[in-house]
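According to TrEMBL:
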TRANSMEM  20-46  transmembrane segment
DOMAIN    39-290  domain 'G-protein coupled receptors family 1 profile'
TRANSMEM  58-84  transmembrane segment
TRANSMEM  90-118  transmembrane segment
TRANSMEM  130-155  transmembrane segment
TRANSMEM  194-219  transmembrane segment
TRANSMEM  240-260  transmembrane segment
TRANSMEM  272-292  transmembrane segment
Amino acid sequence: NSSDLSSSSFILASVPGLEAAHFWMAIPLCSMYIVAIAGNCAVLFIVKTEPSLHAPMYFFLCMLAAIDLALSTSTVPRVLSFYWFNTKEISFGACLLQMFLIHTLSAIESTVLLAMAVDRYVAICHPLRHAAILTNALTVKIGLAAMARGVLFFLPLPLLLLPLPFCSSRVLSHSFCLHQDVMNLACANTTPSVVYGLTAILLVMGLDALLICVSYALILRAVLQLASWKERLRAFSTCVAHIGVVLAFYVPLIGLSVVHRFGRGLAPLVRVAMGNVYILVPAVLNPIIYGVRTKQIQRRILSLIHIYKF
């Protein structure tokens, strides 16, 4: 049986046997969401108000913060509504919009992470030319290009799903909508959608990850050519925060992809948990990582705490 697309909806995934615990399961999610909102808003405010941070690396950090705010806000409130108010159904249109936002924002974040890797490469391998190469105007252009790239590559995903009929089984694997999850519920040939989705992932996230690895190989080669270990550690320490946010983004992404490709026999709790990790962990960790590694941000946070305390 196929459902009429104009009136179809999907059922968000719950954990069998733990429906009664949904209220308590939502509390850590809500807490992480609040931390993500507070942390990323703090990064945006600090970079805006601290002139010493008006540099390409921190403008890229602001882009990451804005992306994480948009990505978490496009999913977490709906998940909390499901857990707290048992609103299991999501309309077809809302599901496609959420799916488009998740994949597009993830692609933009991947592109920004690549731009940050190039920034680190130029700063370490060509320090005298860094200010001339990575200007503020170029940083803005890179941000706009990242947005255009994400939209152009992932706009076809919901469009390919629009004409498909969907079966009577409309239960998703996560508490939000992902392309592969929705596509698997279709009662028609999904080969074009499968091929395009895989191609888009490889040409965006896959290519970005490869180029980030190439950037760090060049950085490592340049660092090892320095005279002393002290100079090497000082140079490479400027990359630690970026490496942390790269891992915070790609490890959950790879984990979620593995769960989708090879985890059909896994418990529903694992799939739901991996989805929530993918959405929330980068948004929570990114401002913490840069807050710990950046002295200007630390000083600004401490001064704000001092002001509001007294």
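Note that Cβ sites are derived from N, Cα and C of the backbone, with glycine treated the same way.
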Look at every Cβ pair spanning the transmembrane segment (240-260) and the transmembrane segment (20-46), keep those 6 or more apart in sequence, and say whether at least 3 of them are under 8 Å.
no
Contact call for the transmembrane segment (272-292) and the transmembrane segment (58-84): at least 3 Cβ pairs under 8 Å, seq gap 6+:
yes
Using a Cβ-Cβ cut-off of under 8 Å, list the residues of the same chain that are 6+ residues beyond the ends of the transmembrane segment (130-155) and lie near it.
54, 56, 59-60, 63, 100, 103-108, 111-112, 115, 119, 122-123, 200, 203-204
What mean pLDDT does the predicted model reach across the domain 'G-protein coupled receptors family 1 profile' (39-290)?
90
